[in-house]
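According to Swiss-Prot:
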type	residues	note
COMPBIAS	119-128	compositional bias 'Acidic residues'
DISULFID	21-26	disulfide bond
DISULFID	42-86	disulfide bond
DISULFID	45-59	disulfide bond
DISULFID	53-76	disulfide bond
DISULFID	60-66	disulfide bond
DISULFID	93-106	disulfide bond
DISULFID	100-118	disulfide bond
DISULFID	107-112	disulfide bond
MOD_RES	29	glycine amide
REGION	119-139	region 'Disordered'
SIGNAL	1-20	signal peptide
């Protein structure tokens, strides 16, 4: 082989092994755009799109409470197929730093649970078994998970 052929093969080999951004495979925003994931708001869900998806089967909002496993969750299934992660609004709570999904409810990777840090007035002192609505935490969670009963049950 001639020196030109060997040199050409070496250059071709280096081009194949390099991690440069070429015209064919360059992502939008350039090579460094992959380092900074774009955060977006989670998809809207629930009646009147008043909630946000917190998982494939959880939809929570201040006005609707938390809906788990209801027909309104079809939109939340789409979240898994979107390329960028979503970010929920609200302060972080719980052991896995999930978001406050609704007043008094913290949702994380393992599901949702009652959390006094998520109440609207978390600075006020309340007895552990009663809240300002006059219901036990269990009753409050049931009311949040079943918002259709709100018309009949007044706080």
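Even glycines carry a Cβ here, placed using N, Cα and C.
The shown structure was predicted, so the numbers you read here are calculated from the model rather than taken from an experiment.
Of the listed disulfide-bonded residues 42, 45, the Cβ environment within 10 Å is emptiest of other Cβ atoms at 42. In sequence order, the disulfide-bonded residues near residue 86 (disulfide bond) (Cα within 10 Å of its Cα) are 53, drawn from 53, 60, 106, 107, 118. Annotation for the disulfide-bonded residues 59, 100: lowest Cβ count within 10 Å of the residue's own Cβ, 100.
Here the C-alpha separation of residue 107 (disulfide bond) and residue 100 (disulfide bond) works out to 6 Å.
Non-local neighbourhood of residue 76 (disulfide bond): 43, 45, 53, 54, 55, 56, 57, 58, 59, each in the same chain, at least six residues away, with C-beta under 8 Å from its C-beta. For residue 106 (disulfide bond), the spatially nearest entry among the disulfide-bonded residues 60, 100, 118 is 100, judged by CA separation. In this structure the alpha carbons, written CA, of residue 93 (disulfide bond) and residue 100 (disulfide bond) are 6 Å apart. Long-range C-beta contacts of residue 60 (disulfide bond), restricted to its own chain and to partners at least six residues apart, with a cutoff below 8 Å, comprise 51, 52, 54, 66, 67, 101, 102, 105, 107, 112. Rounded to a whole value, the Cα-Cα separation of residue 42 (disulfide bond) and residue 100 (disulfide bond) is 14 Å. Counting other Cβ atoms within 10 Å of each Cβ, the disulfide-bonded residues 53, 66, 86, 93 show the lowest value at 86. Residue environment of residue 107 (disulfide bond) contains 26 other Cβ atoms, counted within 10 Å of its Cβ in all protein chains.
Just so you know, the Cβ of residue 118 (disulfide bond) picks up 23 other Cβ atoms within 10 Å once every protein chain is counted. Cβ neighbours within 10 Å of residue 112 (disulfide bond), excluding its own Cβ and spanning all shown chains: 22.
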